[in-house]
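Worksheet: the structure to be examined is printed underneath.
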Ligand code: AHM
Ligand code: MG
């Protein structure tokens, strides 16, 4: 390891000094999230081997239950965070209700996470990710549903871990966005992308599941037609894993969208979850100079009504998101 390699733990400790509210417990909380990420990363990496070794039955060779990866990721987070006294409660995309740790009487934070996002890609060796979001409790030692049902702008930190060709952690505590790559031989995340910014002007990429075209509203259809037929057409890149699609656009520039659709004509809706997916990535986008919107409102300014709320999402290069908003609202044809 050369002297320029900055370990994540050291970086976080240095960051902490800049925040008056952050005591050692905030650093410990981030460390726990990182630990969960490392454990999940290890498991994701051996997922292919599990198939080859024929361990996909109910028990592995040690006689242990083989869990589905998304359940494994969820319980890894739960196990670790339930032992962290600074955490008053957690909400997960995989759980119907939040878990409250009522014995954590000095708790100062609550955590929301999508333990393994990109479910359709889990079994096919395509990049997936974990997304997390941290809020400060409204009242120390007392975590209630109101602590979770808050605007994304109130998040004190958010990030994701991408299990790709290498494992990367990208996070913000409200002061820049930083990326760390896991050195598997050391078991450490090392700073690889300091102060990430979405390029502006950027390459012209768009990421969307165009198979849903017929279910979109007319203005959204016109917008996507424009992207393909404008003088300098945009290129399409769609992985189908939000973390991967977002990460790509964070580095190269571009817009990711999951519009409102009318698959159920009586109940048109977006697919992605405000609290576990849109909010944390919107905070990262904001601090990287980008933007996130549901087509009308800034994602970070939406006051959630329920914990598993879904929203349409347009996120990425600021000027692209603004252009999308103009189309959706009929201001650009
Ligand atoms: P999940 O939480 O069940 O994994 O669903 C979220 C995923 C995102 O990662 C991705 O952006 C989107 O669903 C893809 O959906 P689709 O397969 O409809 O394109
Ligand atoms: Mg998800």
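Glycine residues also receive a Cβ, built from the backbone N, Cα and C atoms like all the rest.
Whatever TrEMBL says is automated annotation, not expert-curated.
Residues 117, 118, 119, 120, 209, 271 are recorded by TrEMBL as substrate binders, and the candidate that the same record lists for that site, out of 234, 238, is 238. Same-site candidate for Mg(2+) 2 binding, as annotated by TrEMBL with 114, 117, chosen from 266, 277, 301, 306: 277.
Under DSSP, residue 118 (substrate binding site) is assigned to coil, being neither helix nor strand in the three-state scheme. For the binding-site residues given as 119, 120, the lowest number of other CB atoms within 10 Å of the residue's CB is seen at 120. In terms of Cα spacing, the binding-site residues 93, 209, 271 that come within 10 Å of residue 117 (Mg(2+) 2 binding site) are 93. Annotation for the binding-site residues 93, 117, 277: lowest Cβ count within 10 Å of the residue's own Cβ, 93.
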